[in-house]
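Chemist: What TrEMBL records for 71-88, 100-121, 142-162, 182-204, 216-234, 246-266 is transmembrane segment.
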Amino acid sequence: MYIVHLQQQRTGSSMDQFWSLAPSLALSLAEKQPASSSTTDVEVQKDEVDEHPRKRLGFVRYTALNVYRRLFSLAFIGNAVAFVVLVLKGGTAPMDLVNAAAINIAVCGLCRQPLVVNALFITFGSVPRSAPLRLRCLACKIFHLGGVHSGTGVAACLWYAAFTGVYTTQYRPAPVATAVLVLVWLVLALLLAIAAVAYPAFRVKYHDCFELTHRFANWIILAVFWALLLLMAAEQPSMGPFLVNLPAFWVLIVLTLATIHPWLLLRRVPVVPEALSPHAGMSVATRPLADWHSFATFPDRFDTPGTRFSCLVSKAGDWTRGAINTQPTHLWVRGMPAYGFGYRMRLFSRLVVVTTGSGISPCLAFLGDENRPQVRVVWQTKSPLKTYGQRTLDLVGRLDAEPMIFDTSHTGRVDMLPVVFRLYKEFGAEAVCIISNPKVTSSLAFDLESRGIPAFGPILDS
């Protein structure tokens, strides 16, 4: 693992007054043994949790039909209704199918555009803390926006497949028509390839293939779509009016601008790598046209001159392993920083943050938010001082003066549910934020939500 510091001129901070307290605090936490009071004080018998049984139909509500799947279904059913209405109104003209496919592709793409994502996060994150807890919890579910992205993406494939079938059956041999037919099938093949590699199991196992397929296939589709519209327009009596009156034309303009925008901000920045251990939101890359990797960033300007923010890089794949071994001095960054999962947590006044391993990095992002809630931290990791260094422990101490740190090299893995359950009640928290591996995150979030405790954790398609 190593920590990356991105450079900038140091600016003053009101937090500097607190800095002198943090090192001794974090050091004392790191030196505590498993039998320390900070651990034993919150040991809870499982029967205390069992006193609060899960809600009826909890599995259906929080797993089988979670918000992500509901949004996916809503997007898909909405398109199905539109298709039925279109058929009842007189059939499926090819250009109607093209327009529907283009609109869905636009919604799908814009759900991942940094400007749109930030605008949505700011909007939903502006719900006041005086609002009912139920409303704030609903606003926090904006991180399930990936359901709209996936739903409209699948719908776009089906709309376009229908267009391909209609156009193929109506095809009459001619130079322009033949060129259009070839391009139509090329786009369909690329759309199906994008959908195939996005399947969760494939995406996790072959992430580089997923990312490269998405990037280059999307670019090719965009270019081919332009060629398709221009070729179709060339067959019309007047090209200008045809394009101006075609919704797909305007959608394509928006998509083109949205695609180009992040790359206009591509830049190579100096970084300072700091080795932490061999063990272990901004997107960074060593090769800008290849694989990009997103890491949660946190402010580290309190005692480090020339640093804007830092991110922890843990060994989780080929790229991160290479980054840890080579420790590059420059990285590429693209676009504007996008608000991450933790931004929505500002909706609460008191929060329990639960994390494991390098998941502490996105938790430290709270330090950059002056409007952050009061936070209690529960962190389970192996050899925190040895693995992450004193600097990271100091930052944890800034976030929570009395964090609960479980060193698994001494305690082994601890059942987090009873610990979090007790701390949630004692602290009077409004919600629990979980940042861990997918298995722990989903399991703990379900155990808490099904017992009536608002719990949030990032998902694969957040």
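Heads up, the Cβ atoms here are built off N, Cα and C, so glycines get one too.
Where the annotation comes from TrEMBL, it is an automatic prediction and has not been curated.
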Chemist: For the transmembrane segment (246-266) and the transmembrane segment (142-162), does the number of C-beta pairs under 8 Å, pairs 6 or more apart in sequence, reach 3 or more?
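Modeler: When sequence-distant Cβ pairs are counted, the transmembrane segment (142-162) does not touch the transmembrane segment (246-266), since fewer than 3 lie under 8 Å.
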Chemist: Where else in the chain does the transmembrane segment (142-162) make close Cβ contacts, counting only residues six or more beyond its ends and a cut-off under 8 Å?
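Modeler: Same-chain residues near the transmembrane segment (142-162) but 6 or more away: 66-76, 79, 83, 92, 97-98, 100-101, 104-105, 107-108, 111-112, 117, 120-121, 124, 187-188, 191-192, 194-195, 198, 341, 344, 456, 458-462.
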Chemist: Can you tell me which parts of the same chain pack against the transmembrane segment (182-204), counting only residues 6+ beyond its ends and a CB-CB cutoff under 8 A?
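Modeler: Distal contacts: 150, 153-154, 156-157, 160-161, 163-164, 167-168, 210, 213-214, 217-218, 220-221, 224-225, 227-228, 231, 460.
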